[in-house]
Amino acid sequence: MVLIRVLANLLILQLSYAQRSSELVIGGDECNINEHRFLALVYTDRFQCGGTLINPEWVLTAAHCDRRYMHIYLGVHNESVQYDDEQRRFPKKKYFCLSSKNYTRWDKDIMLIRLNRPVRNSAHIAHLSLPSKPPSVGSVCRVMGWGTITSPNETLPDVPRCANINLFNYTVCRGVFPWLPARSRILCAGVLQGGIDTCKRDSGGPLICNGQFQGIVSWGPKPCAQPREPALYTKVFDHLDWIQSIIAGNTTVTCPP
């Protein structure tokens with residue numbers, strides 16, 4: 001009976017979003033160079049993530065992107081081009097929900113990075129504000145990043161790709177992934193027809209719904225972009241108090257349970 005309800009919900013969502021999603025280009029398109037001024041490229045020698053500049057001194061990304069040595073680039077579009085206003089920073093301090101850095105696919109996959117010095121706003125660099133309200137189910141959301149554009153084999157683009165995906169009720173992801181808990185501080189988003197998705201190396205990047213920064217790319221099934229398999233995003237709104245408290249200097253604050 002539960003399985004029947006889940007399949008029915010998926011069918012309803014598939015039909016309700018079909019027209020909207022069919023307008024999209026499979027896999028997304030190159031982002032407009034002025035569309036992602038807040039998008040950070042979080043990089044080590046063998047690993048790459050995205051991130052979001054939330055003020056001149058702080059970047060928000062996923063906890064699973066943490067590495068010992070990290071470079072954070074702002075103002076990048078084409079990775080093979082050096083831009084005049086491109087800026088590189090390093091983590092001065094990294095903050096996690098738990099001191100042990102424990103996180104799961106559905107809980108506490110969030111990392112707040114204080115940069116070694118503030119970045120300067122420019123034609124290609126500006127911060128993205130934290131959300132003022134939670135997202136609404138049914139929203140069309142924007143994702144972006146330099147992640148692979150093919151899966152399971154990787155094809156990495158030089159420029160970030162942008163695409164629109166749909167925000168679903170959490171129960172949709174629970175129906176697809178039965179191991180998810182009954183309640184969680186994550187968002188469920190994707191395109192039920194498949195073909196559009198975030199993927200490897202997009203982790204840590206933003207999910208922007210109705211112009212507001214609502215999610216952090218966390219986890220998705222492999223291969224990416226499969227039909228009826230949405231991805232999981234850390235819900236930024238539920239972590240606002242934690243983020244704002246740390247920025248204000250209260251570094252002992254803990255994440256919501």
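Backbone N, Cα and C atoms are what each Cβ position is placed from, and that goes for glycine too.
Keep in mind that this is a model prediction, so the values were computed, not measured.
Between CYS188 and the candidates CYS173, CYS209, Swiss-Prot records the disulphide bond with CYS173. In the structure as shown, the Cβ atom of CYS65 (disulfide bond) sits within 10 Å of 24 other Cβ atoms. Using Cα positions, the member of the active-site residues HIS64, ASP109, SER203 nearest to CYS162 (disulfide bond) is identified as SER203. For CYS141 (disulfide bond), applying a Cβ distance below 8 Å and a minimum sequence separation of six or more within one chain yields PRO135, ASN164, ILE165, ASN166, LEU167, ALA189, LEU207, ILE208, CYS209, ASN210, GLN214, GLY215. Nearest Cα neighbour of CYS31 (disulfide bond) among the listed recorded positions (ASN153, CYS173, CYS188, SER203, ASN250): SER203. Within 10 Å of the Cβ of CYS199 (disulfide bond) there are 23 other Cβ atoms, across all protein chains.
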